[in-house]
Amino acid sequence: MSWFSGLLVPKVDERKTAWGERNGQKRSRRRGTRAGGFCTPRYMSCLRDAEPPSPTPAGPPRCPWQDDAFIRRGGPGKGKELGLRAVALGFEDTEVTTTAGGTAEVAPDAVPRSGRSCWRRLVQVFQSKQFRSAKLERLYQRYFFQMNQSSLTLLMAVLVLLTAVLLAFHAAPARPQPAYVALLACAAALFVGLMVVCNRHSFRQDSMWVVSYVVLGILAAVQVGGALAADPRSPSAGLWCPVFFVYIAYTLLPIRMRAAVLSGLGLSTLHLILAWQLNRGDAFLWKQLGANVLLFLCTNVIGICTHYPAEVSQRQAFQETRGYIQARLHLQHENRQQERLLLSVLPQHVAMEMKEDINTKKEDMMFHKIYIQKHDNVSILFADIEGFTSLASQCTAQELVMTLNELFARFDKLAAENHCLRIKILGDCYYCVSGLPEARADHAHCCVEMGVDMIEAISLVREVTGVNVNMRVGIHSGRVHCGVLGLRKWQFDVWSNDVTLANHMEAGGRAGRIHITRATLQYLNGDYEVEPGRGGERNAYLKEQHIETFLILGASQKRKEEKAMLAKLQRTRANSMEGLMPRWVPDRAFSRTKDSKAFRQMGIDDSSKDNRGTQDALNPEDEVDEFLSRAIDARSIDQLRKDHVRRFLLTFQREDLEKKYSRKVDPRFGAYVACALLVFCFICFIQLLIFPHSTLMLGIYASIFLLLLITVLICAVYSCGSLFPKALQRLSRSIVRSRAHSTAVGIFSVLLVFTSAIANMFTCNHTPIRSCAARMLNLTPADITACHLQQLNYSLGLDAPLCEGTMPTCSFPEYFIGNMLLSLLASSVFLHISSIGKLAMIFVLGLIYLVLLLLGPPATIFDNYDLLLGVHGLASSNETFDGLDCPAAGRVALKYMTPVILLVFALALYLHAQQVESTARLDFLWKLQATGEKEEMEELQAYNRRLLHNILPKDVAAHFLARERRNDELYYQSCECVAVMFASIANFSEFYVELEANNEGVECLRLLNEIIADFDEIISEERFRQLEKIKTIGSTYMAASGLNASTYDQVGRSHITALADYAMRLMEQMKHINEHSFNNFQMKIGLNMGPVVAGVIGARKPQYDIWGNTVNVSSRMDSTGVPDRIQVTTDLYQVLAAKGYQLECRGVVKVKGKGEMTTYFLNGGPSS
């Protein structure tokens, strides 16, 4: 019966579930482990003891265009996951289980259910729904508190009206009972008082529960008083009143399911007990009690069918909203991490410009955009570690990366203190610029002080390691172009002839000395003592360019005094701040080094900076709940309605929102129709029990039953469509998925139930008893009273009619009203029908019923009942009256009570419909806003990751983003067989000139950008997926293959052949570029293979690189190569020759640091 479970089961779309556990599969091993043994990444801390690994939060669903290896990383780990805790919702499509960590998981219900399981699920329907987390349950109650408060206030007004109606019904006849009048007056006063209480600002959730139970107590008292005050008494007297009380207990009082069920059953039982005790001598007691039981059971069923889906929908909406907020916060947290990492690698102005270009779709241009800015009056410092090869040969991979990381992290700190911007780390070479991005007048002083500090730092390394290492520092002042080139693996860099000169100043310098040009000396203003540097004697370039150089001897006396005073001020500040700020450590978190203003400009709201420490201390669940709590406090229901929803119609003011809302599918629609069928069955049983049978009545009931059953079956196809023909599936989908069609079917079902409630009225005897008795007693019909009928020995319920006729007598028309009320209550089950639609339907049905009741033939049934009920009262009193002194009727005529009863029920039904629709629409609106914010965060995350993946390899970026708790860890890999390529444009330096005609060299860089972009596009091709671009160094392009398990082919060595193919492809591309740019660029490419160390150094500004003898030799293959040729080592020759590649021996070549080596030229790929 899967179609019926639609009522009991909250359908959850797997693609957008609010349960955090559905969308990800648990990873079988931690990030960083490899199946093979060639390359094992290690993460170590040089500053702290080892800590347990922090879990990676599960990512939310993402757009298809974000689908890449990094985004698809695993699911939730164990620990503090960002998953919603399960809520006990009774019947569901999924089993809710609890893991060892206490987190709820949801498993698909694919196993057939046993009878015991179905019974257990059925019992859960009647249980109160609540989240397993008490805090989450409190948030849910607060979430709906404002709506419940306004609904409770309106309910008090309806109950005041109800007490007024009851008072009028009781006081209108001649014999009102003071006790009952006093009871109703007190009840009305209490309801007014409670209405005032509900509107007070101090009204809280706990008070709402108290008010609800007080209302139930008052209703029970009114019900008892009404039964005792009934005159004449009857088991069906005032039957509509407990039906109304039971209905509002389920629908309008903000109480949980268990309390609603107990209240409904309690009120029903109370009326049955009173009817039994007060009418023991009634000949028709058990017949009417049986009908009453069916009537109350049906009312309770309607209440359950209304309360359960409404609460489940509300809780599901709350879950989904919380889920979107949770995903948004998670994405915001990830974006903040990405922004910090991004801004730690690229200057803010460059990163923002790139992000803006990604956000804005540009028209296709002839050239790729170049991100370059020109800066005059800067100083460039190049520093190289002399003796690094000796140091590296004595270190393991871990020790090498740790040493470099600590040393360059120290340099980064010194650069920040000396107002220098680190540009790049090239192996053991470090270079920075002062005067970027903001201009400084003392840029030369900053670089000189930076050089002094670097030499002091390397002396400490020399003392600790015992290895003779030192620094050569070269400085030049002039103009630079700064920015990034290419499409992938962006690295901020500087270019100009002055940068080239600064590089040669380092190469022509002396160990432990600072080598400067005259241009730099002029900016120093005599603050330093210098001596001739004679750089031309040590460097050919300096000699060719006739560069006059100097070596710094030390600061002048004036400069020493200024530095001493500055140091004293800094010590004073340090002493005053001691204990407030942490001491410097070499590898502090990059994620905490940037100003929040940059994050806001990049699209991340960092307004919570002041509370950052508190939020970092919260676990993810508590952070989501805290955010949701603040959002609930800030949310104004009245303002939301005013801004977005029309007051009476409850439709959205914006048509696009209304269209989106109308496309919402209610998967429980089949259950609503099934519930209407159940109400119809109860009505049939009541009428068969109370009223005489007729062939016409049975025929009508059979026809309605078939129509409703067919409707239910058609709607059920939507839940289990694969078992039915496709035409029937399409019909079912067209009904359930269309709000207009489902509304029409819902109204049709209610009309059928309504027809069953009134159809039997036309099969009863409509002859007025007054007319028959008047003929028998020779009186006018107006003179006939109950006493006259008593004299004729005719009373209520006699089968033999007083008047001649062929149609049966219907003695208890109160049950027609009861059935009519049930048919109206059945409309409340269809939660998807709009409140204005329900109001129109109730108005039309009520009008039809009143026209029949007041003007149609059935009116005589109610007149006859009022007269016979008086006879029944006289018989119960055992008194005899003649026709002249017969007592007046003790109650208002039933047909005049009916319009007022219908009005009270219509108000309650409309109030409930307004509450349901208003809640659904506001939930939809808030969820839509949360969804929009989440999607914006997803887009921002995608932009950030596209930028980030163009800077660091994906697994490296994953390390820095996922392991935020261990920001001081190192990342490195020892890889045993990696192919490395250096490809340089040998004559680009001849092409590069700085003239006004080419914008001081920018146009030359633009062409270089196009060349590198072409190389990047080629490396992005699928056949070169094993390759990883490392970086560009001026006009040299560096790439490698086999750096991780996914790209390393230990057996087939395909990663090596892929790099060889790429090198040949670059040669072809350079020929193509020369043809179209009318240039004659010549490329030299060097290839080598062997073990390398890959890792990241400088956690403040992480930079990925590879080191080792393999890298050095590959670079030498490029520098000692021949233009337009690809030079490879003997090791690589053996692999390529075995694969059929065409190579020729070049011979013996002298290689710096390696002596003589036999090399080969790669001429072509395998012959076909």
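Keep in mind that glycine also has a Cβ here, set from the backbone N, Cα and C atoms.
According to Swiss-Prot, the feature topological domain 'Cytoplasmic' maps to 1-151, 306-673, 914-1168, an assignment based on sequence analysis. Annotated transmembrane segment per Swiss-Prot: 152-168, 181-197, 214-230, 239-255, 259-275, 289-305, 674-691, 702-718, 743-759, 820-836, 839-855, 897-913, in sequence order, evidence recorded as sequence analysis. Look at Swiss-Prot and you will find D384, D428 tagged as Mg(2+) 1 binding site. Look at Swiss-Prot and you will find 760-819 tagged as topological domain 'Extracellular'. Residues or ranges marked as N-linked glycosylation site by Swiss-Prot on the basis of sequence analysis: N793.
Below 8 angstroms of C-beta separation, residues 7, 125-126, 235-236, 239, 242-243, 246-247, 249-251, 257, 260-261, 264-265, 268, 271-272, 275-276, 671-672, 675, 678-679, 682-683, 685-686, 689-690, 812, 815, 818, 822, 825-826, 828-829 of the same chain, each at least six residues beyond the ends of the transmembrane segment (289-305), sit close to that stretch.
In the three-state DSSP assignment, the secondary structure recorded for D428 (Mg(2+) 1 binding site) is coil. Within the chain carrying the transmembrane segment (239-255), a Cβ under 8 angstroms from the stretch's Cβ atoms is held by residues 144, 148, 151-152, 155, 158, 162, 166, 208-209, 212-213, 215-216, 219-220, 222-223, 226, 263-264, 267-268, 270-271, 292, 295-296, 299-300, 302-304, 306-307, 310, 814-815, 817-818, 821-822, 825, 828, 901, 904-905, 908, 911-912, 915, all 6 or more beyond its ends. For the transmembrane segment (259-275), the list of distant contacts is 126, 128, 212-213, 216, 219-220, 223-224, 227-228, 235-236, 239, 242, 245-246, 249-250, 253, 285, 288-289, 292-293, 296-297, 299-300, 303-304, 307: same-chain residues at least six beyond its ends, Cβ to Cβ under 8 Å. The recorded stretches the transmembrane segment (674-691) and the transmembrane segment (214-230) do not share 3+ CB pairs below 8 A when only pairs 6 or more apart in sequence are counted, and are therefore not in contact. When Cβ-Cβ distances below 8 Å are used as the criterion, the transmembrane segment (152-168) is approached by residues 181, 184-185, 187-188, 191-192, 194-195, 198-199, 208, 211-212, 215, 219, 222, 226, 241, 244, 248, 252-254, 900, 904, 907-908, 911 of the same chain, each at least six residues removed from its ends. Tertiary neighbourhood of the transmembrane segment (839-855): same-chain residues 747, 750-751, 754, 758, 761, 820, 823-824, 827, 833, 862, 895, 898-899, 902, 906, 909-910, 913, selected by CB-CB distance under 8 Å and a gap of 6+ residues from either end. Within the chain, the transmembrane segment (214-230) has long-range Cβ neighbours (under 8 A, six or more residues past its boundaries) at 155-156, 159, 163, 166, 170, 177, 179-180, 183-184, 187, 190-191, 194, 237-238, 241-242, 245, 249, 253, 263, 266-267, 270-271, 274-275, 278, 891. Listed in sequence order, D428, C429, Y430, M471, R472, E506, A507 are the same-chain residues six or more apart from D384 (Mg(2+) 1 binding site) with CB atoms under 8 A from its CB. Around the Cβ of D428 (Mg(2+) 1 binding site), the number of neighbouring Cβ atoms within 10 Å comes to 20.
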